[in-house]
Amino acid sequence: MSLDGKTQITDDPVKNFEKWKRKYNKTKKRVKQVQKTTKKRDYEVERETIQKLVNKYSEINPKEAVKFSDFPLSKKTLKGLHEGQYRQPTEIQRQTIGFALQGRDVLGAAKTGSGKTLAFLIPVLECLYREQWTAMDGLGALIISPTRELAYQTFEVLRKVGKNHEFSAGLVIGGKDLKDESEKIHRTNIIICTPGRLLQHMDETATFHASDLHMLVLDEADRILDMGFADTLNAIIENLPKTRQTLLFSATQTKSVKDLARLSLKNPEYVWVHEQAKFSTPATLEQNYVVCELHQKVNMLFSFLRSHLKKKIIVFFACCKEVQYLFRVFCRLRPGISVLALHGKQQQMKRVEVYNDFVRKTSAVLFATDIAARGLDFPAVNWVLQFDCPEDANTYIHRVGRTARYKEGGEALLVLLPSEEKGMIAQLQDKKVPINKIKVNPEKLVSVQQKLEAFLAQEKEQKERAQRCFVSYLRSVYLMKNKDVFDVFQLKLPEYAMSLGLAVAPRVRFLNKAQQQKSGVMQDNSGAAGHESEDELKSFKAQLKGEQSKSQSSQSEEEEEEEDDDDDVDDDEDEDEETLKKVPSILSVTQEKKKDDEDDDDDGDEEEMVAYLSGADEEFDPSTLPDPDKVRNSESSSEEEEGDSSDRGGRKRSFSSDSSEDDDSDDEVQQTHVGKKKPRKESTLTPLDTGLSLAEDEELVLHLLGSHS
């Protein structure tokens with residue numbers, strides 16, 4: 001209404017709303033256009049987020065990091081850790097992640113089971129995320145593990161933690177199709193591999209290259225070097241770019257690991273978590289050892305399993321053949337618990353199957369070699385039993401590390417022989433390993449020897465496995481470097497063979513040779529052993545040809561006898577016979593015969609009996625004996641005897657493999673020499689028929705020759 005009251009104007013609310021709506025829509029449209037022009041794209045927002053995370057790297061304080069969310073990590077990585085049930089970082093993870101995120105090289109050492117896997121997987125994921133790596137960029141991170149099982153386990157952890165990222169990852173290990181790997185390897189961003197397989201791809205796969213590599217991880221580096229991959233590792237590192245970041249992790253810091261670190265790391269950060277720790281093993285691990293005779297170990301193992309049916313147990317053995325035989329035997333013995341086997345002779349798919357099966361089970365026993373001693377994370381393992389003594393204290397630490405992981409409890413039992421106790425316990429004490437001695441209760445031992453004998457009697461294949469197990473165990477003990485702990489000559493072999501179900505201990509060739517060498521060294525020290533140099537062998541041959549004096553020939557005969565003895569031992573090992581009888585030598589010179597008789601007297605009456613009796617005519621060729629009528633003819637013609645005495649004087653027959661060749665060559669020389677002589681007149685005498693055996697004839701010949709001289 002106007003003030004003058006003449007004209008009255010009313011405001012229409014509908015018209016006012018429409019006017020306001022038009023104005024609002026124009027403003028909203030203008031704002032949208034402005035926002036559209038100024039809105040950042042997704043990759044730009046992600047870059048800003050990455051830059052904010054990078055700016056926080058220098059502010060990382062390991063002491064304040066209680067949760068993984070306290071680290072400046074990407075949302076995708078944190079989500080993967082949360083879904084994988086990883087909440088709090090371990091000590092090695094707290095100290096390593098900060099340095100690794102800043103791009104520094106790290107040399108890390110920590111106890112087994114301390115969480116080293118996440119300590120390098122998290123930096124690997126964050127490194128590629130920072131670079132916004134894609135499948136088109138190729139290989140960005142390389143993780144090298146010593147064994148296929150450890151590589152497979154690392155790959156499974158990576159799948160859990162990194163499943164929210166868009167990176168491609170591959171497992172490159174032996175036992176898989178090489179052609180199939182070659183077709184995919186060039187598009188893989190993260191490769192987890194073993195050294196031998198990786199080097200094979202570098203040599204044979206044309207599309208594979210590592211020129212854009214950002215990060216190299218060496219997991220269990222000491223184990224890689226111990227397995228003999230030093231040259232392979234050096235060849236791999238030479239083909240990698242120099243500008244990479246390297247993370248090297250190991251449970252122990254050996255000299256070889258430090259040498260490798262000097263070659264592959266640049267100004268590294270040393271992270272030794274448990275260097276000042278009181279003990280080298282987790283505090284939650286209870287460790288004991290028991291002294292047991294070798295022939296009672298199988299009974300003790302069976303009794304132990306029978307009393308721990310609801311537990312998850314790993315049993316470590318020294319060799320694959322031992323695992324193969326005892327696994328099959330214990331499956332038939334039915335101890336009441338599931339029995340699995342893991343060793344290096346299995347196919348790759350079988351090894352993966354056994355690994356996954358043991359991970360899933362809540363109560364089972366795994367028979368394994370040291371292939372399972374490094375890095376493998378089997379959940380909820382209650383017991384680690386070391387059936388055979390480990391090579392050294394470091395191997396012991398790695399074995400017991402399969403239990404008491406991530407602050408959980410566990411128990412370990414070490415089985416030692418009486419000869420191994422002193423040396424091994426001293427090594428463990430030097431490594432700060434707390435271990436207590438317990439005793440076996442004989443009343444609770446269950447003997448399975450008769451059952452094993454029955455199994456072997458039923459199946460020939462099982463018996464062969466038992467024999468291979470026997471020999472393989474002895475070889476593993478014999479090849480150990482520390483002879484103060486491992487002495488194969490102190491083992492009671494017949495009793496051990498019976499404990500495996502064998503009636504007789506198999507013949508061990510390398511052990512017989514080693515024992516022979518050992519006795520030979522003792523004889524050398526006492527000055528009683530002969531020399532077998534090439535010059536002396538030549539003089540021996542010359543003596544057979546009659547080109548040596550009588551004084552030298554007698555010395556050669558003694559050497560020849562020793563050589564014949566050695567040949568007999570070799571034949572005994574090759575042909576599996578108890579003894580080979582030797583034919584006595586035929587000497588035509590009195591002085592040589594006397595010396596030979598003295599040597600025979602020194603050797604003892606027993607050897608003389610073996611030479612002349614027990615079917616001696618079956619052990620040599622009768623054609624080699626002299627004909628009695630020729631002996632008489634030689635008595636009648638003294639001139640010819642003097643001409644032939646030198647030829648017959650050095651003759652000595654031996655049926656060993658080595659000396660037979662020399663005899664053949666000497667026969668040829670003698671035939672050519674005799675061919676130049678005047679032909680003998682035919683004797684009118686008839687052959688002498690003594691009515692004696694060939695061996696007795698030979699004694700008669702020796703008597704006649706001696707009386708004639």
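Every residue gets a Cβ built from N, Cα and C, even glycine.
Where the annotation comes from TrEMBL, it is an automatic prediction and has not been curated.
Annotated compositional bias 'Acidic residues' per TrEMBL: 556-578 (among others), in sequence order.
Per TrEMBL, compositional bias 'Acidic residues' is recorded for 597-609 (among others).
Residues or ranges marked as compositional bias 'Acidic residues' by TrEMBL: 659-669 (among others).
If one looks beyond the domain 'DEAD-box RNA helicase Q' (66-94) by at least 6 residues along the same chain, the residues whose Cβ comes under 8 Å of a Cβ in the stretch are 49-50, 53-54, 56-57, 59-60, 101, 108, 110, 114-116, 118-119, 122, 125-126, 129, 157, 160-165, 271, 273, 406. The annotation domain 'DEAD-box RNA helicase Q' is assigned in TrEMBL to 66-94.
TrEMBL lists 97-271 with the feature domain 'Helicase ATP-binding'. As a whole-number mean, the pLDDT of the domain 'Helicase ATP-binding' (97-271) in this prediction is 92.
Annotation comment: TrEMBL describes 297-453 as domain 'Helicase C-terminal'.
Per TrEMBL, the feature region 'Disordered' maps to 542-692.
Broken down by DSSP into helix, strand and coil, the motif 'Q motif' (66-94) contains 16 helix, 0 strand, 13 coil. Sequence annotations record features per position, and here TrEMBL assigns motif 'Q motif' to 66-94.
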